[in-house]
Amino acid sequence: NGPPSQPRRPPKNSKQLRRLGVLYWKLDADKYENDPELEKIRRERNYSWMDIITITRDKLPNYEEKIKMFYEEHLHLDDEIRYILDGSGYFDVRDAEDKWIRIAMEKGDMITLPAGIYHRFTVDEKVGAPVWTPDAAPAVVTEVPGAAA
């Protein structure tokens with residue numbers, strides 16, 4: 001099995017993820033502040049709230065505790081939206097057979113996990129530190145500084 005940061009589960013294609021209600025976009029993370037495509041998605045899906053979460057040892061209080069919390073299986077009553085501004089990591093979601101599906105995320109990837117889907121998050125071995133928070137708010141931007149490009 002190995003540590004959570006290893007890519008041990010085969011990645012799934014977007015068609016399989018759509019069947020689970022997981023939506024995916026590839027955006028230009030360098031222009032997230034003025035990206036018309038991001039604005040269009042936010043407007044169409046009513047994503048009115050956004051904040052930036054940076055998860056590194058020096059910027060995240062209770063870093064070790066948070067890392068473990070992010071990797072614990074959980075769900076939300078609302079959709080969870082994550083947009084990676086920098087770095088990389090993995091979201092794991094449960095499929096219809098209750099098996100984990102690993103979703104590799106890197107700079108520019110944005111996903112929406114539907115309300116009620118069990119999931120968890122970890123960084124990959126390129127970084128060693130996750131950058132997000134389990135928040136059911138409409139749009140959270142995630143940044144993983146120091147990750148390999």
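Backbone N, Cα and C atoms are what each Cβ position is placed from, and that goes for glycine too.
Marked as Ni(2+) binding site by TrEMBL: HIS74, HIS76, GLU80, HIS119. Mapped onto three states, the DSSP output places HIS119 (Ni(2+) binding site) in strand.
The number of other CB atoms found within 10 A of the CB of HIS76 (Ni(2+) binding site), across every protein chain shown, is 17. Residues or ranges marked as Fe(2+) binding site by TrEMBL: HIS74, HIS76, GLU80, HIS119.
Every protein chain considered, the tally of other Cβ atoms within 10 Å of the Cβ of GLU80 (Ni(2+) binding site) stands at 25. Local packing around the binding-site residues HIS74, HIS119 was summarised as the count of other Cβ atoms within 10 Å of each Cβ; on this measure the leading residue is HIS119.
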